[in-house]
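Below: one structure, written as C-alpha cells.
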Amino acid sequence: MSSSGQTQFRYTQTPSKVVHLRNLPWECVEEELIDLCKRFGKIVNTKSNVGANRNQAFVEFADLNQAISMVSYYASSSEPAQIRGKTVYIQYSNRHEIVNNQSPGDVPGNVLLVTFEGVESHEVSIDVIHLVFSAFGFVHKIATFEKAAGFQALVQFTDVETASAARSALDGRSIPRYLLSAHVGSCSLRMSYSAHTDLNIKFQSHRSRDYTNPYLPVNQTAMDGSMQPALGADGKKVESQSNVLLGLIENMQYAVTVDVLHTVFSAYGTVQKIAIFEKNGSTQALIQYSDIPTAAMAKEALEGHCIYDGGYCKLRLSYSRHTDLNVKAFSDKSRDYTLPDLSLLVAQKGPAVSGSAPPAGWQNPQAQSQYSGYGGSPYMYPSSDPNGASPSGQPPYYG
C-alpha cells in the first residue's frame, strides 16, 4: 500500500482508544511500545506479540483524543514512527478496548510448553534443556517433540511457583551460546503453560527423560502413546532409530578414510562395521554399532561436528534403514571389526598410511582413541566427556 493510501486508510477508519501497531521489530517488548506512545497520553493497557509473525501490538489510551493525537501526528509527519530503527505502521484498531482473556496457555501450571526458535531438533539436546531449566528448581520430567511450530519440549516442575519463576526468567531469552554447538545460531525460548500436570514417560531416551525414576528402562521409543505430541500426532513423521548411522560428509578438503571414521565414532562405543561410498557427487558412510542407544548417543554428539579443524569434513548424520551391513572385511572403503582375524588381514594388506602400519590397537575401539591425529592431518576430537575433555585429553573442537 502506498504512503498516500495508508494515510487515506487512517482517516477513513473509525477512531478508537486502541491503536494498532504493525511491522514491529523481532521480540519487541512492552517497554518499547510504551516509550513510543507515552508522549501522546496515558496508556492503560497493551497487548504485544500478536499476529502470525508476532510482530503486531495494541496500545490502549485512557482517552480517545490521545489516540487520535498519535495517529494524526504520524499520518502527517515526515518522520515515521520507529522502534529500533524499524518503521512502525500505526492505525486505529477495530476494538474499543483491550481484553486480555486468558488462553489455556496463560493459566499457570507446573508444566511448561517451550518452543525453541531458530534451531532444529537435533541442535538442542535434552541435557542442555535440563541444564537450563534446572537452574530454577528440580525438573521432574522432559519430553521433546516436533510440531508445526517447530521443535518443542514439555518441562515438568514440582509446582506452579517453580514453573512460573522459570517462565518469567526465560521467556523470550536465548540459550547461552556456550551451551550450543559452534554452527548453531541463536536459540530463542518461547513459553506458555501446558494443560498437562504429570507427563507420562515410559522410557528414558534422547527425546524424553524422567528424572524421578532412575530405574526406568532405556528405549528408543520417544514417548508413551498417551503423550501424543512426542509421537508426532500431528502427522509429521518421526525419524525411526537404528543401530546404523548414515553420515554425509560436507566440505571435504581432507581425505576421510575408514580409519579416520573409526577414530571418530569409536569414542562413543564399539563400532562393528564401516562402509564408505559415493552418491550424488558426495561422500557418504554407514557406521554400524551393536545397539540403538549407542548409535543415538553418537548421533547426538557428532551431528554437525567437523572432523578437521577449520570447519572441514562436517558430519551430517541420520539413521539408516540398515541394521546389519554386508561389507568386505578389509578394503579401502569398508571394514568389518567383528572378525577375529582382522589383524592378520591388516598384516597381509601392508602399510596403511605414509609407509607405516596402522596403530597396533586400531581394531580395538578403546585402544584407537589413544592417538589424536591421523597421518598428520589436523583432526580434532568431539567431546565425549561431560566436562568437555576429549578422549585424547586435549581441548575439544566443536565444529
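Every residue gets a Cβ built from N, Cα and C, even glycine.
According to Swiss-Prot, the features are:
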{"type": "MOD_RES", "residues": "S2", "note": "N-acetylserine"}
{"type": "DOMAIN", "residues": "17-95", "note": "domain 'RRM 1'"}
{"type": "DOMAIN", "residues": "242-322", "note": "domain 'RRM 3'"}
{"type": "COMPBIAS", "residues": "365-384", "note": "compositional bias 'Low complexity'"}
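Per DSSP, the secondary structure of the domain 'RRM 1' (17-95) breaks down as 24 helix, 27 strand, 28 coil.
Residue counts for the domain 'RRM 3' (242-322) under DSSP, helix first, then strand, then coil, are 22 helix, 35 strand, 24 coil. Within the model, the domain 'RRM 3' (242-322) carries an average pLDDT of 90.
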